[in-house]
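Q: Sharing a structure here in structure tokens format.
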């Protein structure tokens with residue numbers, strides 16, 4: 001299992017990149033020309049701009065592929081990275097087939113988009129749609145004359161009452177954010193570092209709660225049947241479960257960090273199950289300190305508690321891992337790999353269940369036979385002794 005753990009961790013740390021088109025090849029209507037451009041790393045988009053230091057304004061052209069039934073958006077965020085607080089400009093085709101350009105400040109993750117003024121001045125904004133590409137043109141005032149800006153870009157096909165509403169919450173759509181230096185053109189993606197953090201969170205939790213915990217339970221349930229494995233099975237069980245707990249707490253801590261950085265975005269079921277897992281697993285750790293002796297009158301109740309809590313942790317872990325897959329939406333191979341691992345462990349458990357039951361039943365049968373033989377020998381011995389006494393008398 002150490003090989004599996006290492007493979008998961010190494011692959012989670014590998015950088016993944018997608019090919020980018022060259023922004024310098026783009027041309028615009030009305031012979032518009034921009035001084036700088038950047039091929040954005042997500043959504044096949046490009047941003048072109050000209051900065052005017054004399055009046056702290058910037059002319060921008062945000063260009064992205066889109067169908068006639070979709071929308072695009074570009075935004076500056078004066079206060080932080082990400083969506084919340086971003087001052088967005090949307091472009092889409094209205095019911096008459098004409099391009100519509102509106103502005104809207106994004107205060108939460110479920111905005112009701114309308115045409116509302118932004119926190120900074122917008123001198124002009126318009127858009128166009130041609131050959132499967134939408135373009136937003138705008139001239140805006142830079143907030144605080146800051147030439148290093150947080151910006152966000154987005155696309156979707158979802159509308160409510162004729163206005164843009166919602167987008168995918170995974171993949172490129174949550175990575176489309178970064179910091180742009182308008183003077184040098186240098187771009188720093190902030191979405192990738194967050195994705196790597198999510199990947200680490202997923203890998204640590206899948207390995208700990210979803211693999212090591214079940215292995216520890218298998219060791220405790222089945223190895224203890226073999227007399228030659230006593231007491232080694234107990235130490236293996238404890239080592240496996242403590243390792244799972246330590247790694248799992250690390251993954252849980254990363255989850256807390258992700259949650260605190262995602263204002264307005266909450267995966268309630270995934271979060272609540274994660275909290276329950278941490279609490280139950282912590283109880284299991286403390287249960288080791290309170291484990292009564294085998295002959296103690298309360299040992300039966302402790303065993304029931306320990307088993308129920310342990311199986312609850314395993315069941316909730318598997319459920320929450322699949323919830324995590326739904327949130328992250330990684331390549332199918334990762335989900336299939338985990339399904340293969342957990343199915344293998346399940347198959348091993350079924351085989352060991354049959355084998356150990358056979359061993360236990362045979363052992364009980366042998367013990368019963370030995371007791372019966374001992375009883376017969378005792379009766380026969382007593383009868384012979386009485387007979388001899390009777391003859392002597």
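Glycine residues also receive a Cβ, built from the backbone N, Cα and C atoms like all the rest.
The following feature annotations were taken from TrEMBL:
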SIGNAL    1-19  signal peptide
DOMAIN    43-156  domain 'DOMON'
DOMAIN    163-361  domain 'Cytochrome b561'
BINDING   201, 237, 270, 306  heme b binding site
TRANSMEM  202-220  transmembrane segment
TRANSMEM  232-253  transmembrane segment
TRANSMEM  273-290  transmembrane segment
TRANSMEM  302-325  transmembrane segment
TRANSMEM  337-361  transmembrane segment
REGION    367-393  region 'Disordered'
COMPBIAS  383-393  compositional bias 'Basic and acidic residues'
Q: When you tally the Cβ atoms that lie within 10 Å of each candidate's Cβ, which of the binding-site residues (201, 237, 270, 306) has the highest tally?
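A: Of the binding-site residues 201, 237, 270, 306, the most buried by Cβ count within 10 Å is 201.
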Q: Checking the spread of the heme b site as listed (201, 237, 270, 306): what is the longest Cα-Cα distance, in whole Å?
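A: The two farthest binding residues have Cα atoms 27 Å apart.
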Q: Based on DSSP, tally up the residues of the domain 'DOMON' (43-156) by helix, strand and coil.
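A: DSSP composition of the domain 'DOMON' (43-156): 3 helix, 64 strand, 47 coil.
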